[in-house]
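These come from Swiss-Prot:
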type	residues	note
TRANSMEM	25-45	transmembrane segment
TRANSMEM	347-367	transmembrane segment
TRANSMEM	369-389	transmembrane segment
TRANSMEM	396-416	transmembrane segment
TRANSMEM	440-460	transmembrane segment
TRANSMEM	472-492	transmembrane segment
TRANSMEM	537-557	transmembrane segment
TRANSMEM	863-883	transmembrane segment
TRANSMEM	888-908	transmembrane segment
TRANSMEM	910-930	transmembrane segment
TRANSMEM	968-988	transmembrane segment
TRANSMEM	998-1018	transmembrane segment
Amino acid sequence: MQVLPPGSTGGPSRLFILRPVATTLLMAAILLAGIIGYRFLPVAALPEVDYPTIQVVTLYPGASPDVMTSSVTAPLERQFGQMSGLKQMSSQSSGGASVVTLQFQLTLPLDVAEQEVQAAINAATNLLPSDLPNPPIYSKVNPADPPIMTLAVTSNAMPMTQVEDMVETRVAQKISQVSGVGLVTLAGGQRPAIRVKLNAQAIAALGLTSETVRTAITGANVNSAKGSLDGPERAVTLSANDQMQSADEYRKLIIAYQNGAPVRLGDVATVEQGAENSWLGAWANQAPAIVMNVQRQPGANIIATADSIRQMLPQLTESLPKSVKVTVLSDRTTNIRASVRDTQFELMLAIALVVMIIYLFLRNIPATIIPGVAVPLSLIGTFAVMVFLDFSINNLTLMALTIATGFVVDDAIVVIENISRYIEKGEKPLAAALKGAGEIGFTIISLTFSLIAVLIPLLFMGDIVGRLFREFAVTLAVAILISAVVSLTLTPMMCACMLSQQSLRKQNRFSRACERMFDRVIASYGRGLAKVLNHPWLTLSVAFATLLLSVMLWIVIPKGFFPVQDNGIIQGTLQAPQSSSYASMAQRQRQVAERILQDPAVQSLTTFVGVDGANPTLNSARLQINLKPLDARDDRVQQVISRLQTAVATIPVVALYLQPTQDLTIDTQVSRTQYQFTLQATTLDALSHWVPKLQNALQSLPQLSEVSSDWQDRGLAAWVNVDRDSASRLGISIADVDNALYNAFGQRLISTIYTQANQYRVVLEHNTASTPGLAALETIRLTSRDGGTVSLSAIARIEQRFAPLSINHLDQFPVTTFSFNVPEGYSLGDAVQAILDTEKTLALPADITTQFQGSTLAFQAALGSTVWLIVAAVVAMYIVLGVLYESFIHPITILSTLPTAGVGALLALIIAGSELDIIAIIGIILLIGIVKKNAIMMIDFALAAEREQGMSPRDAIFQACLLRFRPILMTTLAALLGALPLMLSTGVGAELRRPLGIAMVGGLLVSQVLTLFTTPVIYLLFDRLSLYVKSRFPRHKEEA
């Protein structure tokens, strides 16, 4: 049995000090749980914070934007608008395509949203056009999310129609079945089909019309049930040659008889194997390709999903002919893994730096080993809790652990330093551990809970930003709690077992030199502190000036939302004149692609032209530029973008918009630039009046660059003005006119060919090669009442007009989206304020509304809540400290250190040229928790000296400052060095980590210098104030 000195209670640490084996096994259990938990943690770029988003796509080839809006989009919107939990509904109706994007509240499960969407589509079915080729198709993806993986399928021996058929049936379906895949899209549009190109002159000479041909084809190709025969002994299934499956069969089809002679389809049309839509095309590095974009489901594990796809690719490619090549052009997980690896390295570097600082101060290997064990144990133990909470290894949780390195060592340092002090005075190690741990136990508890209190407001942040930082805050809080447990259990036990007077007194030349240096520093600090205490009002003036300076810096510093990351992938939009055709766009993308691929930083490029639901209009093309790895190129992504735009600028009549892809996607539609602002009206006419005015005003603002809008109302349209009286007299209905036009120019899908593996379409159109443009309309013939044919020009007048290329809605009303970037030298906050000022200047009417979208809207919300977030952190800490100290006064003394941290952080951000964004604000909030530690350590010892030794407040705080100077300096440097790797990071994802490191290092440097002098002065000021209150209200025996 161990003999304990009287009074050596040890507080909460007593049991663990006296039972070292049990303590060791308990810590081993924490370590083992953390190691096992780490193996089960998924890897991601950021915490999963996706809004539940569903996209509904309806294709109606040949329909104008106006027809798509009124007959497809509007009926769907009316049903979708009745769904509960819907946050925002946007739609885009263009030629032949309607896309409705539904964004739901964060609290609504995606499966519930899916059920509501399916029910709404079913309810709208009867209102949709009866001749839709396919019903509306929904997918659980955010269209603005960049694909997690892009694959290109090429062949130098096979036509693209055959390649797409194989990819669709053998590859895309298998990838779609992978867990986590939300949607696999094939860009390139080369689905096989039988194309029937009518010769207008030939059918007119025979007295036929396109409707006659269409009816003949649809009647000749069917695939329906025919029944069976059931006899006394045998059953027979009925079958027939009702399907035609080759172009040759269609050529031989008899469509009419003239003077008893058959007229075959091949006589009046060119029938060939081709693509279902001839106005779609994709290229990979300028070679024709089928491009597969794989998007994940919201909430899916991106790393696990990509790994599953890569594992099955070899098996899938083996099923394809050797001439077909499948190439992975981009894989977002490559950069995610690199970013996580860099952050893990910075975490290990932070641990090494912290241990180095410990050794520099303690100059004793056993004393250094103790916190050297406490730090990794606290961090590894956190993994076990992260698994339980369904967290992931991502940039934010790793940043939390890196910052925690400086936090968790603080507790161990404070305990070791206090126990070592008693051992050096001659106490036995066991007695010193019990006495030192018992004395410091309340301080550890105060430090822990006051620091966790700072993180509490982060847990209550609303919307997507709150979800984003919940994992960060909880991970850090768990690490701090485990650190407190380790510091009150393992650390004093190890001190009792490993420290001794001999080990602490054993010094070499380096130790003695460091000791002399520290003694001189403490002596200099003592002299300076004495002078400061003799001139308190000057010190208070400095503290007040610091507060004012922090407010001023907060006002002037540029403000942003989220750091722009370099993920190695650039999304682009190529814009051409609104009347551009598919052929001209294909030629322009080739010119642009040639110049982009010449850039040394570009690794691969995919381009797409055509309208397919993802690309809204024919005069725009989509690009995805994949850059070389960061260590293989000299420039960051923004420099590459500037260089590419300069290279393309000399190509006439095209505009290239580029933006880097981001891990955090808040938008619900693909934009030309990073930020969006919408203008909404009740009618298209009102919108057309105000869009040019606002766009011109925005383009003149220096705070904005690359301003553009999706308002396109100058597309060419041929208006067929039918003379209804003349048409009626001839027995021709408006439906007949529409059918004739659709047959000729709509790439009309008139029949379906069924096979065992897939279904293919028969496409009807006029061969317009000999009569291009509006002249082709003159070849249209219609059947009159007497059976003859009438030219369209006999009953209609053709006019050329301007019409919108697409019609966009936001919550069922017409809307235009303005896209913009922020030029160098300005911040997002500057741009937002400039837009708001412009809006006031224009004096928009009441029926015109504006709203920021996506990340700009989130920035506004975050900016409005930032001040309240910091205030909430301060109030939470005050409440916790007030409860712990049973005092209204001492928490104020501790919190008086906070302005110094704010000044240092803001100055560091300004000097580094960094914006005050969400990451930097989190750093400032963490500083609130770190900086107050200095004051807590001073005040705890001062109060103990007053209470136990009867010292005066001045002598008590003076002695406390000198006694706690070394641990204060040690813990501050540990926290600083824990943040230093983040500040100096240069690898993948460094843009995300650097603002946090800059804010924390700057705040710690300034606050360390100032709080050592301002805290004791403020302590004495409030002590006098407390005495004054007691003298005025003597009935209050206890401190108010």
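Cβ coordinates are placed from backbone N, Cα and C, and glycine is handled just like the others.
Across 347-367, 369-389, 537-557, the stretch most heavily in contact with the transmembrane segment (968-988), judged by Cβ pairs under 8 Å, is 347-367. The transmembrane segment (472-492) shares more Cβ pairs under 8 Å with 369-389 than with any other stretch in the list 347-367, 369-389, 537-557, 910-930. Between the transmembrane segment (396-416) and the stretches 25-45, 347-367, 440-460, 537-557, 910-930, Cβ pairs under 8 Å are most numerous for 347-367. The transmembrane segment (537-557) makes contact with the transmembrane segment (888-908), as judged by at least three Cβ pairs under 8 Å among residues 6 or more apart in sequence. Residues 27, 30-31, 33-38, 40-41, 347, 351, 354-355, 358, 397, 401, 404-405, 408-409, 411-413, 416, 471, 474-475, 478-479, 482-483, 486-487, 490-491, 494-495, 498 of the same chain lie 6+ residues outside the transmembrane segment (369-389) yet bring a C-beta within less than 8 angstroms of a C-beta in it. It is 440-460 that, among the stretches 25-45, 347-367, 440-460, 910-930, forms the most Cβ pairs under 8 Å with the transmembrane segment (863-883). Ranked by number of Cβ pairs under 8 Å to the transmembrane segment (440-460), the listed stretches 25-45, 888-908, 910-930 are led by 910-930.
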